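Worksheet for the structure shown next.
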Amino acid sequence: MLLCSLTLMLLWMVASGLECDTKEVCLGSPGIPGTPGSHGLPGRDGRDGIKGDPGPPGPMGPPGGMPGLPGRDGMTGAPGLPGERGEKGEPGERGPPGFPAYLDEELQGTLHEIRHQVLQSQGVLILQGSMLEVGEKVFSTNGQSLNFDAIKELCARAGGHIAAPRSPEENEAITSIVKKHNTYAYLGLAEGPTAGDFYYLDGAPVNYTNWYPGEPRGRGKEKCVEIYTDGQWNDKNCLQYRLAICEF
């Protein structure tokens with residue numbers, strides 16, 4: 001039995017030697033572990049990792065200190081849009097009465113200058129024959145020829161009326177203006193509801209006339225009156241163009 005065991009061991013050893021020769025490596029059984037080595041040097045820093053999720057908010061900090069001083073005023077801004085107009089206020093109290101006009105030397109001086117200028121203007125117009133004074137009336141013309149309604153409106157805008165003689169003196173003054181312009185002129189008269197009855201434009205009946213012989217004879221168809229260059233009157237329709245003479 002012992003012999004058999006020795007034989008088997010010998011065969012195993014021979015086989016093991018042949019295996020070493022063939023592979024040039026001999027496989028032995030693991031040895032006893034050695035002692036641990038010393039710590040090596042620290043490795044290099046690794047690359048930055050991926051950005052992580054935000055963390056939760058931290059707790060509220062303590063209150064700050066006292067507020068600082070106010071800053072300086074800024075630059076003035078651009079003006080805004082105008083606002084809506086407010087309601088009209090109540091009238092104020094009535095002031096004390098002023099001084100009478102005759103006590104105001106400056107006003108009196110101004111009025112005196114105005115009167116002087118008016119008199120000068122009247123003198124120039126009188127010399128030109130475009131204005132004549134008779135009593136408290138002034139007769140004037142601008143030389144235009146218009147129909148009756150247009151003359152009436154023209155004189156009203158100037159603050160007067162169509163010339164209407166109420167005396168021989170006034171009729172003569174109007175006649176002299178007509179002669180100067182060598183034309184006829186309308187008078188401030190109009191026929192009433194009854195043919196042949198004429199009135200002043202204020203509705204008063206005519207108290208002075210100087211009709212041409214046989215006039216008026218329009219029989220209600222000629223409502224206006226014209227004056228000839230000899231001062232006599234004739235009834236006429238109101239659409240003709242005649243010299244505009246106003247009285248003031």
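Just so you know, glycine gets a Cβ as well, placed from its N, Cα and C.
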Swiss-Prot pairs Cys224 with one of Cys238, Cys246 in a disulfide bond, so which one is it?
-> Cys238
The disulfide recorded in Swiss-Prot for Cys246 goes to which of Cys26, Cys155?
-> Cys155
Other CB atoms, at most 10 A from the CB of Cys224 (disulfide bond) = 25
Residues in the compositional bias 'Basic and acidic residues' (84-93) per DSSP class, helix first, strand next, coil last, are 0 helix, 0 strand, 10 coil
For Cys155 (disulfide bond), which residues of its chain lie six or more apart in sequence with Cβ-Cβ distance below 8 Å?
-> His161, Ile162, Ala244, Cys246, Glu247
PLDDT averaged over the residues of the domain 'Collagen-like' (28-100) | 73
May I ask which residues of the same chain, at least 6 positions away in sequence, place their Cβ under 8 angstroms from the Cβ of Cys238 (disulfide bond)?
-> Asn147, Phe148, Asp149, Tyr186, Lys223, Cys224
For the recorded positions Asn207, Cys246, the largest set of other C-beta atoms within 10 Å encircles the C-beta of Cys246
